[in-house]
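Enquirer: Pasting a structure here, questions to come.
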Amino acid sequence: MRKQYWFIILTYIIMQFSALIAIPLLFKFGYAGGQPTDENMLHAQGLWSVISFIACLVVVLLILRTVPKETLRNGQKDSIGLSILWAIAGFFIALFSQGIAGSIEYYVFGIGRESENTQAILDVIQAVPLMIIVSSIVGPILEEIIFRKIIFGALYEKTNFFFAGLISSVIFGIVHADLKHLLLYTAMGFTFAFLYARTKRIWVPIFAHLMMNTFVVIMQLEPVRNYLEQQSTQMQLIIGGLFL
């Protein structure tokens, strides 16, 4: 693995743990009047997430500029047009694989569909709306660079698709700190790895991941959920009226 990739991984790790030091310092220097209440902590977490993720992405992109351009296994990239089709299809494939994995977790292992990681992110978004930039744009870009381009790519050069996909996807799931849904994250990781291996273009899984995260966040926002529930109720009344 190139030394630049190790620097990128180290940058990502530092970013992930930086809140342990940064948030207490924010309060020490007077943020929110120095009062670490639950509400203020949520705001601080959101604020620092936005700052740290964007800073991390800038550093990662600058480091990537020093890496010689090469394709996965030196293979031929798919055409731009075909790659766009795969990026769009990848969004639906990711949703499908997520649904299958979620159903297996629920019906086979008795694991609830609620995700603590997703709910925690939604709570922060409610407190700091700018956080949606992290969950829907910056986060997916960083994760695809780390877990697909670097980890999957390095393993795929030495092994096969299944082994590289499995290891990188399991690590992807563990990092999300929601181990009961490890199967779900692994399924999504395999989907994004397939898109990268198929097209040889990292922006393809980035786009699919970005669209999926955006879709999930939008569908979980309270105004949207209320609207969908209202439409569902009206549809049931209409269907019920047809049989009266």
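Placement of Cβ uses the backbone N, Cα and C atoms for every residue, glycine included.
Annotated transmembrane segment per Swiss-Prot: 7-27, 44-64, 80-100, 127-147, 159-179, 202-222, in sequence order, evidence recorded as sequence analysis. Residues or ranges marked as active site, proton donor/acceptor in Swiss-Prot: GLU143, HIS176. Marked as site 'Transition state stabilizer' by Swiss-Prot on the basis of similarity to another entry: HIS209, ASN213.
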Enquirer: So, taking each listed stretch (7-27, 44-64, 127-147, 159-179) in turn and counting its Cβ pairs to the transmembrane segment (202-222) that are under 8 angstroms, which one gives the highest count?
Expert: 127-147
Enquirer: Return only the integer: C-alpha distance in Å from GLU143 (active site, proton donor/acceptor) to HIS209 (site 'Transition state stabilizer').
Expert: 9
Enquirer: Under a three-state reading of DSSP, tell me whether HIS176 (active site, proton donor/acceptor) is helix, strand or coil.
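Expert: SS state of HIS176 (active site, proton donor/acceptor) = coil.
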Enquirer: How far is it from HIS209 (site 'Transition state stabilizer') to HIS176 (active site, proton donor/acceptor), counting Cα to Cα, in Å?
Expert: 14
Enquirer: List, in sequence order, the same-chain residues at least six positions removed whose CB sits under 8 Å from that of ASN213 (site 'Transition state stabilizer')?
Expert: SER135, SER136, GLY139, PRO140
Enquirer: Do the transmembrane segment (44-64) and the transmembrane segment (127-147) come close, with at least three CB pairs under 8 A (pairs 6 or more apart in sequence)?
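Expert: They do touch: at least three Cβ pairs between the two stretches lie under 8 Å.
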Enquirer: Can you tell which of HIS176, HIS209 has the least company, meaning the fewest other C-beta atoms within 10 angstroms of its C-beta, among these recorded positions?
Expert: HIS176
Enquirer: Under 8 Å between C-beta atoms and at least six residues away from its ends: which parts of the chain pack against the transmembrane segment (127-147)?
Expert: 8-9, 12, 39, 42-43, 45-47, 49-50, 53-54, 56-57, 60, 64, 121, 168-169, 171-172, 175, 189, 192, 196, 202, 205-206, 209-210, 213-214, 217
Enquirer: Would you count the other C-beta atoms found within 10 angstroms of the C-beta of GLU143 (active site, proton donor/acceptor) for me?
Expert: 20
